[in-house]
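Trainee: Below is a structure I'd like to ask you about.
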Amino acid sequence: MTVGIDKIGFFTSPYYIDMTDLANARNVDPNKYLIGIGQRRQSVIPQTQDTVTMAANAAAEILTAADRAQIDMVIFGTETGVDNSKAAAIYLQDLLGISKRARAFEIKQACYGATAGVQMAIDHVFLHPNSKVLVVASDIARYGLETAGEVTQGGGAVAMLITQDPHILALDGQSAFHSDNIMDFWRPLYRQEAVVDGHYSTDIYIDFFNKTWNQYCYQTKRTLADFAAMVFHLPFTKMGLKALKSVVADADNANQLLHEFDFSTQYNAEVGNLYTGSLYLSLISLLANSDSLHPQDRIGLFSYGSGAQGEFYSGTIAESFDRAKLKRQVDRLLENRVKLSIPEYEKMYQSGLPLSAGEVTFDIDSDQSRFVLRGRHSDQLEYVDTKKSEQNA
Ligand code: HMG
């Protein structure tokens, strides 16, 4: 039996800024952002979207009624939780109409959370072959206006259905991981923006990649020659390139791996960091944009979450993978976004749900997404499925 990613969906905000505009506003040479960091655009999250609505918008795209009935576990990876106690997965299960006989819970370990979810889902399906597990990765990356990290912000969600006989990526079931107590990036409970030691974090990322890659090679006896492509957690696209370059120098297929890497960054360069979803957006980007990959080709995946946890694992492309369909869905979403000026972005950035208590109502008519956040009343978040409201009207 093979187990892996059967379906994959992506959602990001309908708004973005251009990195040249941001560079000009911050008196920085645009090439630093475009080439040095490797980002073209960045999603800006409006007050009507949060990690729950983005996850619901990503998952609704891929789930059929049969999937909703058959899913017996909902795993929500996020470091932008909406409550200190209640799991975002419970809201998601309800919004999507997933069977109430499912387990639903949240996992946090910075950008690594969804990978823990994927691994748990694989083990679960191996034990229970008829089950389907929904794993979502949803986050909003915030460092603050006019900070060094501002160019690496972004946000969005990836939803994956893990099943037997998958139609996208069959996972090998072999992985190597490494964890250590590292203060490279964290977010104290009183803050909406991350605290980060930026250059230290990039060094640790590369160190964890090398450790897990070497361990994986030792465990599996595989080498770079066994891989058609590698995808990375991409806080910004240059980060993954640096990691890849740290191992490919002597490989016969170095040019091929670097060529494929380019495809794996196309969507991330348009969206920015979506924390735990970034690796999986990179996978989508590779699969949708590369025209040289074939069924059975092996792809390596490097997941990294600050604090820190790293994992390298792998899978092979399924025979039945439909590249055109995936590309159509993501291209349409990105093409329909609205560009903001930098003053508009700054206003939107500061307009979200406040950390302090109080009644809040947002104008949901300004957001055409299916799932939106209407506000907070009596300390309860109020989510709306606009499709359901239309049907009830
Ligand atoms: P910085 O100090 O502003 O940038 O911060 P820099 O001076 O290091 O320059 C960046 C690159 O641009 C350099 O290239 C420059 O040479 C180049 P490099 O030497 O690195 O190859 N450059 C130019 N290139 C072309 N034309 C020019 C030009 N000028 C300069 N004119 C930093 C950059 C990434 C540190 C900052 O944005 C930051 O702190 N970001 C947030 C932290 C981050 O993303 N860390 C990544 C690893 S940790 C991780 O991935 C986990 C994370 O996702 C969180 C989680 O797990 O939850 C972050």
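Each residue, glycine too, has its Cβ placed from N, Cα and C.
Copied straight from TrEMBL:
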- GLU79: active site, proton donor/acceptor (ACT_SITE)
- CYS111: active site, acyl-thioester intermediate (ACT_SITE)
- HIS233: active site, proton donor/acceptor (ACT_SITE)
- ASP29, TYR143, LYS242, ASN273: (3S)-3-hydroxy-3-methylglutaryl-CoA binding site (BINDING)
- 3-164: domain 'Hydroxymethylglutaryl-coenzyme A synthase N-terminal' (DOMAIN)
- 173-247: domain 'Hydroxymethylglutaryl-coenzyme A synthase C-terminal' (DOMAIN)
- 263-345: domain 'Hydroxymethylglutaryl-coenzyme A synthase C-terminal' (DOMAIN)
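Relative to the rest of the structure, where do these features sit?
Mentor: Long-range neighbours of GLU79 (active site, proton donor/acceptor) (same chain, six or more residues apart, CB within less than 8 Å of its CB): LYS108, GLN109, ALA110, CYS111, GLY113, ASP139, ARG187, TYR275, THR276, GLY305.
In the three-state DSSP scheme, HIS233 (active site, proton donor/acceptor) falls into the coil class.
For LYS242 ((3S)-3-hydroxy-3-methylglutaryl-CoA binding site), applying a Cβ distance below 8 Å and a minimum sequence separation of six or more within one chain yields THR202, ILE206. A helical conformation is recorded for LYS242 ((3S)-3-hydroxy-3-methylglutaryl-CoA binding site) in the three-state DSSP classification.
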Trainee: Which residue counts does DSSP give the domain 'Hydroxymethylglutaryl-coenzyme A synthase C-terminal' (263-345) for helix, strand and coil?
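Mentor: Grouping H, G, I as helix and E, B as strand yields 37 helix, 19 strand, 27 coil.
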Trainee: Using all protein chains in view, find how many other C-beta atoms are within 10 Å of the C-beta of ASN273 ((3S)-3-hydroxy-3-methylglutaryl-CoA binding site).
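Mentor: I count 30 other Cβ atoms within 10 Å of it.
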Trainee: Sort the residues of the domain 'Hydroxymethylglutaryl-coenzyme A synthase C-terminal' (173-247) into helix, strand and coil with DSSP and give the three counts.
Mentor: 37 helix, 15 strand, 23 coil
Trainee: Counting across all protein chains shown, how many other Cβ atoms sit within 10 Å of the Cβ of CYS111 (active site, acyl-thioester intermediate)?
Mentor: 30
